[in-house]
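Listed in TrEMBL for this protein:
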- 100-267: domain 'PROP1-like PPR' (DOMAIN)
- 22-56: repeat 'PPR' (REPEAT)
- 57-91: repeat 'PPR' (REPEAT)
- 92-126: repeat 'PPR' (REPEAT)
- 127-161: repeat 'PPR' (REPEAT)
- 162-197: repeat 'PPR' (REPEAT)
- 198-232: repeat 'PPR' (REPEAT)
- 233-267: repeat 'PPR' (REPEAT)
- 304-338: repeat 'PPR' (REPEAT)
């Protein structure tokens, strides 16, 4: 945020001194806004440019499309892309790659591949970033087979994959519940290219095991991580706890919490929610409440909306409607706004209480 503020102050000082900012100055400020996450301000700057009769260039449009990607506004990204063509500005690799990324984040896989085809049609060779983004797009669409197609296409294009490529490939397999594909990607990473897995690689692989409900393999990855002296983080333990929680092994989930503390890793609210969910899955509400109390006392981690929604839903399923109402009231009193999930759980609970023979069927 500091750099963006500095850039903004310098930019406004130019105007105050009678110096009209040119397209380079506007692009620099726009990029600073995007880097600082001030995406709406970056988009507004384009209107100011036009009001000051400063014509956008390819860098401007690349930055605008990138901002739209981060905002997950794919239609607006395509609008900017079309406008630049109408103004006679040919898109470069950055524009195409950012547009592919916008399609990926909006899970529009076919659109992402159409952009790739147009890129090649205009004789712009896709770079590694474009391919990594396409692999990510395939993952978001839960299509690991197409992710591997992108990987082999990348190799055929004469490019060398990097760790980002393999992490994206493992993630794509995890989202697709393709655990064998995830380990295949790991082996390619190590055996074919000699890359050492980093913490992100291990976390992504553990998460893939968790999604595939294979807690044992998740534990094997964790042991490998420890053996290679890679320091686990909260994300590592959250994925492991989730894996054992999905398996109904709350004993292992709590053992991992102990390991987390021994490694001096600070748990977060996601850790809390994962443990609460684990106990709710097996119907052990008393332990779920104990975990909430423990996290508040030991780590000063307080429940959020997800915590309350998980507890309310579990109480509803156990037909403990009065307690569900108490939690709903506590949620509001703690300053949290109930979500659509909260209201749906309570509404279904009310109907079940009124018609226990099937009013919600």
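Note: Cβ is positioned from N, Cα and C throughout, glycine not excepted.
All TrEMBL annotations are machine predictions without curation.
On a predicted model such as this, the values are computed, not experimentally measured, just so you know.
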Within the same chain, where does the repeat 'PPR' (304-338) have neighbours whose Cβ lies under 8 angstroms from its own Cβ atoms, ignoring anything closer than 6 residues to its ends? I mean 6 or more beyond.
269, 272-273, 276-277, 280, 283, 285, 288-289, 292, 345-346, 348-350, 352-353, 356
Give me the mean pLDDT over the domain 'PROP1-like PPR' (100-267), rounded to a whole number.
94
